[in-house]
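Asks: Quick one: the structure is below, and I'll ask about it shortly.
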Amino acid sequence: MRASMLRLIRSRSSSAAPRPHLLRRAYGSESVPERKVAVLGAAGGIGQPLALLMKLNPLVSQLALYDIAGTPGVAADVGHINTRSEVAGYVGEEQLGQALEGSDVVIIPAGVPRKPGMTRDDLFNINAGIVKSLCTAIAKYCPNAVVNMISNPVNSTVPIAAEIFKKAGTYNEKKLLGVTTLDVVRAKTFYAGKAKVPVEEVNVPVVGGHAGITILPLFSQAVPKANLADEDIKALTKRTQDGGTEVVEAKAGKGSATLSMAYAGALFADACLKGLNGVPDVVECSFVQSSIITELPFFASKVKLGKNGVEEVLELGPMSDYEKQGLEILIPELKASIEKGIKFANQ
């Protein structure tokens with residue numbers, strides 16, 4: 001089971017990511033760099049399965065699990081798994097510094113999940129404060145770490161983090177990345193089902209933001225090509241945008257998309273680790289500081305990952321008329337979310 005899960009994590013990375021045999025060729029198992037990964041919010045609905053998946057990742061040598069409560073149990077449980085990384089649990093604000101010190105990658109799934117009837121403002125007001133506090137600690141204890149932001153609303157929490165790091169004098173736009181991988185995972189799954197092609201062969205870039213209409217899957221660039229009707233493309237786009245709501249409703253108020261989000265977060269963290277370790281041509285979609293759209297200081301698109309985090313923000317490429325229209329529609333909403341985050345951070 002362990003071997004199959006490891007294969008799954010590796011095989012579902014971006015099509016540009018190297019296969020395991022290429023990874024071994026790049027550096028032997030005995031010379032894989034030491035990498036510490038910290039998960040903040042590790043006892044939560046996303047944090048626990050994410051901790052499990054990161055424990056299975058052979059690129060991780062130290063796994064630090066932090067939360068305000070419950071982490072010793074999660075760490076003890078995950079720590080019994082016979083993989084490379086050493087696991088330590090940290091609980092409470094007084095131990096946050098220990099969890100962060102020496103981290104190469106910090107993953108932040110901390111915060112409250114979305115519940116039925118919860119507005120975006122409700123979610124923002126709670127999670128924004130949590131992110132602000134955690135990023136203040138990151139700036140102090142591991143200012144050079146690559147930060148993977150999962151906490152929603154990502155369209156606002158990434159700008160919040162950027163402002164906190166700027167105030168601390170530690171901001172590096174190459175090392176702050178909003179995790180939008182779940183949108184890509186969903187787009188691939190839904191496209192494969194409609195096009196009737198093997199899902200492991202599918203690649204679909206998703207650009208824009210990470211909420212509602214700001215999520216813009218570029219099915220015109222999907223691989224392999226399929227001649228889907230316009231109605232099908234519109235339906236696939238809508239389902240990708242509403243994927244989170246679909247899960248919240250299916251769980252009838254008892255949860256959100258925790259498992260698929262943990263999977264997506266593990267995929268993205270794996271890509272970041274490969275980039276840090278010098279594996280070539282690692283490309284993923286991410287919400288980062290960008291100049292692709294003039295009005296938007298942050299934007300999700302394909303990025304090339306490397307030893308410094310984001311090595312290059314890639315151009316959008318050719319888009320269909322439907323996608324161009326979607327891009328125009330999302331710009332004002334995404335701009336408002338970004339500005340809301342910046343305003344909160346500077347209050």
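The backbone N, Cα and C atoms fix where each Cβ goes, and this holds for glycine too.
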Asks: Looking at Swiss-Prot, GLY41, ALA42, ALA43, GLY44, GLY45, ILE46, GLY47, ASP67, ASN127, ILE150, SER151, ASN152 are annotated for NAD(+). Which of MET261, MET319 sits in that same site?
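Replies: Record source Swiss-Prot; matching candidate: MET261.
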Asks: At the level of the C-alpha atoms, what whole-angstrom distance separates GLY47 (NAD(+) binding site) and ASN152 (substrate binding site)?
Replies: 14
Asks: Show which residues of the chain containing ASN127 (NAD(+) binding site), separated from it by at least 6 in sequence, have their CB under 8 Å from its CB.
Replies: ALA110, GLY111, VAL112, SER151, ASN152, PRO153, THR157
Asks: If one measures from the C-alpha of ARG186 (substrate binding site) to the C-alpha of MET261 (NAD(+) binding site), what distance in angstrom results, rounded to a whole number?
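Replies: If we compare the Cα positions of ARG186 (substrate binding site) and MET261 (NAD(+) binding site), the gap is 10 Å.
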Asks: For the NAD(+) binding site, please report the maximum Cα-Cα distance among GLY41, ALA42, ALA43, GLY44, GLY45, ILE46, GLY47, ASP67, ASN127, ILE150, SER151, ASN152, MET261 in Å.
Replies: 18
